[in-house]
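Annotated features in Swiss-Prot:
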| type | residues | note |
| --- | --- | --- |
| COILED | 105-134 | coiled coil |
| COMPBIAS | 1-14 | compositional bias 'Polar residues' |
| COMPBIAS | 33-68 | compositional bias 'Low complexity' |
| COMPBIAS | 74-92 | compositional bias 'Polar residues' |
| CARBOHYD | Asn32 | N-linked glycosylation site |
| CARBOHYD | Asn77 | N-linked glycosylation site |
| CARBOHYD | Asn109 | N-linked glycosylation site |
| CARBOHYD | Asn256 | N-linked glycosylation site |
| CARBOHYD | Asn452 | N-linked glycosylation site |
| CARBOHYD | Asn464 | N-linked glycosylation site |
| CARBOHYD | Asn691 | N-linked glycosylation site |
| CARBOHYD | Asn843 | N-linked glycosylation site |
| MOD_RES | Ser93 | phosphoserine |
| REGION | 1-116 | region 'Disordered' |
| TRANSMEM | 179-199 | transmembrane segment |
| TRANSMEM | 282-302 | transmembrane segment |
| TRANSMEM | 333-353 | transmembrane segment |
| TRANSMEM | 405-425 | transmembrane segment |
| TRANSMEM | 480-500 | transmembrane segment |
| TRANSMEM | 531-551 | transmembrane segment |
| TRANSMEM | 560-580 | transmembrane segment |
| TRANSMEM | 592-612 | transmembrane segment |
| TRANSMEM | 642-662 | transmembrane segment |
| TRANSMEM | 711-731 | transmembrane segment |
| TRANSMEM | 757-777 | transmembrane segment |
| TRANSMEM | 791-811 | transmembrane segment |
Amino acid sequence: MTARNSASIPTSIRKTSENEVSGDETPAGVGNLSTKTASKTSLTFRQSSSDESTSSYSGNHHNINIQHHPNRPFRTNSSSFSPNDYSISESPSKSKKDGVHVSAVQLDNETDSEVESEVEELERELEAIEDSVYPEVRAAVNPTDDVNLPVNTWRTWVLTTIFVIVFAAVNQFFSLRYPALSISFIVAQLILFPLGKLLNLLPNWKIGYGRFSFYLNSSPFNVKEHAAITIAVSLTSSTAYATNILSAQTSFYKQNLSWGYKILIVLTSQMLGYGFAGLTRRWIVYPAAMIWPQTLVSTVLFRTLHGNSGNDIGVLKNNRISANGWTISRYRFFAYVMIGSFVFYWFPGFIFKGLSYFTVLCWIWPKNRVVNQLFGYNSGLGILPLTFDWQQVVYNSNPLASPWWVICNTFGSVVLIFWIVVPILYYKGVWFSNYLPMLSSSTFDHTGVSYNSSRVLNSDYSFNHTKYESYSPLYMPMSYSMSTALNFAAVTAIFTHCALYNGKDIWQRLWKESGKDECIHRKLMRNYKEAPQWWYATLFIVVFGLTIFTVRYYDTQCPVWALIVALLIFIVNFIPQGVLEGITNQHVGLNIITELIGGYILPGKPLANLMIKLYGFIPMRQGLEFSRDLKLAQYMKIPPRILFFVQLFATILGGITQVAVQEWMNYHIPGICTTSQSNGFTCPNGRSIYNASLIWGAIGPAKMFSKGKPYYPLIFFFLIGAVAPFITWGLRKRFPKSWIGKLNAPVLFTGPGNIPPATGINYSSWAIVGFIFNYVIRKRAIHWWRKYNYVLAAAMDSGVAVAGVVIFLCVSYPGGKITWWGNTVYTKTYDWKSVPYRSLGPNETFGYTNW
């Protein structure tokens, strides 16, 4: 079947398939990376005129309603119509009779044989047009492409350069501050639209000479340029993890580091995963089942800003397209919601912060320990409370872009593990946890205060066993212990799950890129030259060589063999993790497992533990973000070769910018990274990484997880994770239509992975929003859901992102604040003060007598 571009299709088309994959019935792509082709469609044809009347056509493939202009002559009971006079939108099918019958219209100047031929030609046109079998993708992505839209323009490169430098610099600057500010790439996506349109006013002058010349305004700013620049900014707007390690090394380990080391460690850790992402495209980017749900929000925002795409979703009523009674355009809907989101966020974000931490029961009983531990937000489990802060709702992911079955698995796991099991173990005093806060990501000593790792180290940061015995073992809060256990289970579960559910397709795609079936969006991308595999292989080899040079030439305590172990961690996890995230929006963090392995293979070497964590975790995380953007580029039909160079350029430029900004701050901000820094530049991320490196690298996991040690039982969760997918797979085979058949082991284990520091309040609000929109509305008002759901997600994110930046830069950072009950009530509770269930008296300790 031939893929078609928009120039050859005078209509916009939506199809509803009888055997499409539905998010309410089957977890998208859980069993197969391939897709199935829709067999029957239901269509409506309408003319753009405001004065129209209706006719209908039904047949074994299509049910078609025809709107025609009243000023055109026609005869009823004819056999066909002229397809060039009409555009297409969706309508529910009302007839499935065999054969073809048209109950309306023939133009007076056509013969029966001519219109008969036109019907056959139109049917061939319709059969040639495909769309995704996934309703989420159909609602967000056009199944067409305009190959004539330019991407490799001066606007793309100049705006990419400016936005990458600005976003990388600003986010790096404020990342060293507490509270921090992070400007999301969605802000760039919004600013780029009016700025690009403004550039359309430039004269079309010729700049340069010969082959090095270009025209200043040869074509209007288009959606593909917009998408390419946004993708570049998204890769670099968040702070590189390696810069936090640099903070730990310079400010806490007191190392003098060269510019060369700083640039190399940032770029190698950021780019090592890019090459592997390119080499694995056939598994985690190309398949239709790899939806990458979060990209759909960006896709809809692009479509909404650049035209009226999607406004034809619905049914024709009173000469207007109605989506379950709503006729407002996507653009106006986006504008209204974004403005409302911007205005409302000022309340939970500044005026009445209690709306963000809406733990009313804790406000009523501020000194009741049990109430605060069960229903609190800061150190409690967050049972029942709601939040009116959209940032809290989307803390885990955007619920409007998360499949309902994923939300069910995740929230069910939170309820079972953190709302039932954790309180039982906590109040029984397992591991003396009731002397610690119910929820915290910190480690503690036997007096209930944060563990002071410097008390068990020598001056060279090596472990001193005598000091350790005279001080205290490490104790983890119960929530932290269970989060660690779930992480262990998730790491092994994804391998078993991937083998059972996707193993056959992964093996087939090893030999044939396209697999059993191919998505229409992948087919349309064949209009462009692909970035070849050897480009990505070369990139991986070059960066791998630079990584070896970095750990060998500089003092990192990390031998090459240990580096290779770290790289193997990310390599073997990449495809299973990519499949999981591409389908579910969830991923398994490898930070704990890399620290665990690093602590066992290189005990007593905290700097080496940093390197193992950096190169075992970050290349996979960055590589999967690269893969996500490759999928977004596929949806937006951006030429792969141009995108390849744009992404590399942006990453290198952003990395150097972040290093330069951090270096400037080290020399120009007095007292940086100290707790007494007057402007809050205390380097909280660097301090956290430093403490983690001492705990996992210097003290080591052997003191916690080896046989005979307190947390040894958690190791068995590796086995539990490996076995659990067999159970869920068996249930799916036995009960394919029941909810029990939709249980997904990796999601059950990794879904609650943000606890701590997230709490139940983040998950309960997330689940409620997901239930309303991705279950109730999707089931009862499918046209509304398809037309507005992802627009709503983009508008809410956009309004909050812009409001957050304005509040921080214009009000909070200069020192503005409002002191009243609504901004202080939540801070006067035991929850906010992290009070444990059991308290110690002066000079009292708890815990084991021998460790």
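In case you wondered, yes, glycine gets a Cβ from its N, Cα and C as well.
Shown on the structure are the features that Swiss-Prot records.
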residue : record                      : contacts (Cβ under 8 Å, 6+ apart)
Asn256  : N-linked glycosylation site : Thr250
Asn452  : N-linked glycosylation site : Asp445, Tyr471
Asn464  : N-linked glycosylation site : Val456, Leu457, Asn458
Asn691  : N-linked glycosylation site : Ser453
Asn843  : N-linked glycosylation site : none
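Highest Cβ pair count under 8 Å relative to the transmembrane segment (791-811), across stretches 333-353, 405-425, 480-500, 642-662: 333-353.
Only sequence-distant pairs (6 or more apart) were considered; of these, fewer than three Cβ pairs between the transmembrane segment (560-580) and the transmembrane segment (405-425) are under 8 A, so the stretches are not in contact. If you average pLDDT over the coiled coil (105-134) in this model, you get 57. According to DSSP, Asn843 (N-linked glycosylation site) sits in a coil region rather than a helix or strand. Listed as Cβ neighbours of the transmembrane segment (592-612) (distance under 8 Å, sequence separation of 6 or more from its ends, same chain) are residues 245, 248-249, 253, 461-463, 484, 487-488, 491, 551, 555-559, 562-563, 565-566, 569, 689, 692-694, 696-698, 700-702, 705. Of the ranges 405-425, 531-551, 757-777, the one with the most Cβ pairs under 8 Å to the transmembrane segment (480-500) is 405-425. Counting Cβ pairs under 8 Å to the transmembrane segment (405-425), the top-ranked stretch among 333-353, 711-731, 757-777 is 757-777. Same-chain residues lying 6 or more positions outside the transmembrane segment (333-353) and placing a CB less than 8 Å from one of its CB atoms are 301, 304-305, 387-392, 788, 791-792, 794-796, 798-800, 802-804, 807, 811-812, 818, 822-823, 826.
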